[in-house]
Amino acid sequence: MYNGQKLYISDVTLRDGMHAIRHQYSIDQAVAIAKALDDAKVDSIEVAHGDGLRGSSFNYGFGAHSDLEWIEAVASVLKHARVATLLLPGIGTLHDLDAAFKAGVRTVRVATHCTEADVSRQHIEHARKLGMDTVGFLMMSHMTSPQILAQQAKLMENYGAECIYVVDSGGALSMQQVADRFKAFKDVLKPETQTGMHAHHNLALGVANSIVAVENGCDRIDASLAGMGAGAGNAPLEVFIATADRMGWNHGTDLFGLMNAADDLVRPLQDRPVRVDRETLALGYAGVYSSFLRHAEAASARYGIAAVDILVELGRRRMVGGQEDMIVDVALDLIKTRQRTTGTSGVAA
């Protein structure tokens, strides 16, 4: 049950939301969104390329600006919220973390695949030495059992992480599965170690799963304005806050300020609607990394293979974050299969 303590509200519009617009926020847009979030009194605002520090690349897509340009601009206008960022070991380095800290970042979420927490040790330990609020971020949490996930969380705690997240990168978890994972966390983590929930809305459960997480002892909730994020988006921040408000939970934010920011600042930027539709539902159904969506749609347009077919096959092969290069391989394999079964040339003109 909810323990009555103030929830920590972590906004991800300027990081996960990057995926929805191919990492193309302008500095002015990022600053306007950050100011609105700060005025609404969220606790932290995550800023980075969608794939974290140093994510701008051929594999993930190039950003309109560097991480440091976005971070410095946002940090310069905040009066309440702290600046957070995301780091994936193997993409971002300790040098990138140092630079982000100097630019104003005070919270870092060190993200690994749900069974690879051991690669986070160096980065978590370094963040603690810098005095940062240090979070372990276990992505694709649906791909392993609650007990194994909890063991991975314990590793991150041992390295120095002060909060560990269940990260539903594929938007594939049910409410019971969320509850089971938080119960497993509470069984092994120290009482003082916080827990967090990062939901995606691919099965339209982003808010529901966040509510269930809080009811099972979760301290921090990730959400984004208008759900701005990969796939069908994250839990929409304004919807979660409205629900929390009706439930009498202490969140400390301005609901109507968030509602205005979602509709006036964020929704107009969506060149592809962030919603549950045929393709994003396929992500949740197949348990596919949500940021694969735009890459799969590009491959679909290029090769004439339905994006849903590509996404379902990616799920069957259990592809994970970092394997974006395999999306084209899957599309080409599906063309070969179609050629064998129909005798057609396969590739669209």
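Glycine too: its Cβ is placed from the backbone N, Cα and C atoms.
Taking Cβ-Cβ distances under 8 Å and a sequence gap of 6 or more within the same chain, the neighbours of HIS19 (active site, proton acceptor) are GLY50, GLY229, ALA230, GLY231, SER290, SER291, LEU293, ARG294. In this structure, HIS19 (active site, proton acceptor) is part of a helix by DSSP. Sequence annotations record features per position, and here Swiss-Prot assigns active site, proton acceptor to HIS19 based on sequence analysis.
Annotated substrate binding site per Swiss-Prot: ARG15, ASP16, SER169, HIS198, TYR289, in sequence order, evidence recorded as sequence analysis. Classification of SER169 (substrate binding site) by DSSP places it in coil, neither helical nor stranded. Cβ neighbour count for SER169 (substrate binding site): 32 (other Cβ atoms within 10 Å of its Cβ, all protein chains included).
Summarising the annotation, Swiss-Prot assigns Mn(2+) binding site to ASP16, HIS198, HIS200 and lists sequence analysis as the type of evidence. If you take the C-beta of ASP16 (substrate binding site) and look for same-chain residues 6 or more apart in sequence within under 8 angstroms, you find GLU46, GLY50, ASP222, SER224, MET228, GLY229, ALA230, ASN234.
Computed over the domain 'Pyruvate carboxyltransferase' (7-259), the whole-number mean pLDDT of the model equals 98. Per Swiss-Prot, domain 'Pyruvate carboxyltransferase' is recorded for 7-259.
Annotated site 'Transition state stabilizer' per Swiss-Prot: ARG15, in sequence order.
Sequence-distant neighbours of ARG15 (substrate binding site) (same chain, six or more apart, CB under 8 Å from its CB) are GLU46, VAL47, ALA48, HIS49, GLY50, GLY52, ALA84, THR85, LEU86, listed in sequence order. Counting only same-chain residues six or more apart in sequence, the Cβ atoms lying under 8 angstroms from the Cβ of TYR289 (substrate binding site) belong to MET139, MET140, SER169, GLY170, ALA230, LEU283, MET319, VAL320, GLY321. Annotation for HIS200 (Mn(2+) binding site): same-chain Cβ neighbours under 8 Å, separated by at least 6 residues, are ASP168, SER169, GLY170, GLY171, GLY206, GLY229, ALA230, GLY231, ALA232, GLY233, ASN234, ALA235, LEU283, GLY284, SER290.
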